[in-house]
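Features as listed in TrEMBL:
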BINDING   Arg382  substrate binding site
DOMAIN    66-398  domain 'Aminotransferase class V'
MOD_RES   Lys231  N6-(pyridoxal phosphate)lysine
Amino acid sequence: MFRALARASAALGPQAAGWVRTMASHQLLVAPPKALLKPLSIPNRLLLGPGPSNLAPRVLAAGGLQMIGHMHKEMFQIMDEIKQGIQYVFQTENALTLAISGSGHCALEAALFNILEPGDSFLVGVNGVWGQRAADIGERIGARVHPMIKDPGGHYTLQDVEEGLAQHKPVLLFLTQGESSSGVLQPLDGYGALCHRYKCLLLVDSVASLGGTPIYMDQQGIDVLYSGSQKVLNSPPGTSLISFSDKAKNKIYSRKTKPVSFYLDMKWLANIWGCDDQPRIYHHTTPVISLYSLRESLALIAEQGLENSWRQHREATAYLHERLRGLGLQLFVKDPAIRLPTVTTVTAPAGYNWRDIVNYVMDHFDIEITGGLGPSVGKVLRIGLLGCNATQENVDRVIHALQEALQHCPRNKL
């Protein structure tokens, strides 16, 4: 073959010979980036924001394993084990349970794209940024969106929800169990049964709460539940967990219109994840390495046990609250019963620029904490104790860093 190419280049002349040699018709105008010719350098940081969290060592090791094909039988076995792990952490027996190739936002879109159709009535609890996002997506689908708006720090009572259900007659209610932008833990007992009395499905976001506080999908009557990989599970961002009850599955399979996204079409995803008892057909190339990591994350929490994980977060966060009060700082959520045990919100200290505190802690101690998000911007500092990061040692480290920041950051005394 190479001799034939050489003869062709001699016959075609110098210009054509160049084409044959290079297999290109133009010269390169963009040089190799100098930055990419240097080794990759990553700082060693303690991530105590609302997520992502540091990777557990076993999860980190899984990310270094060799690739296999996304349609290999060994990969299907890993996917089946992931499904079982999701069923465990969600406490569900739903057959339609799988992982999404995308972050928690992608799981939210998967839920809404598959459940809602244009014109459907959609009731949304908006007590932080995640309700705002759910309402935005619902509007893009063409649903009739009815937001129930609460100030940051608020939650929804059964009476609040029943009033919305009676007035708007929605097909779907959205609630956030762990509103990480405000630090609120939404109660869930009784909400599923209430929705079902009004012929409404219940969708719950547990991205910031899963593994850190109890949730019982089947027993609490939750119809669609989703979460993310990068919080308590200590896995890389980019995969998410989702499950649908039989009621939700029936809504999907009786749609009059196709979901607006092919990538997130649950009928296709159900097949590739082995949820429909049919031979698996290629839909998209799943993130194989990320799924290794997710499998190991779920294995770790299965080995620890959900109740032990919940206890770990409850105790570490109680210790954090005690130490914060010792610094004279105030917790943003006043009612202890609705404080999220994974992400704590601290009222932004008077007289300080919250950005100065966050930057000082990062620059001097290599510890990440963050300010507010969405409606809580400027109101709070957020400290996350997620998964393997939920330890008294890490609390002591961040408290020391905060103490130094409060002593050294400029303060407006007016």
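Backbone N, Cα and C define each Cβ position, glycine as well.
TrEMBL: automatically predicted annotations, no manual curation.
In this structure, the recorded positions under consideration are Lys231, Arg382, and the one with the smallest number of other Cβ atoms within 10 Å of its Cβ is Arg382.
A separation of roughly 14 Å, to the nearest angstrom, links the Cα atoms of the residue listed as 'substrate binding site' and the residue listed as 'N6-(pyridoxal phosphate)lysine'. Summed and averaged per residue, pLDDT over the domain 'Aminotransferase class V' (66-398) gives 97.
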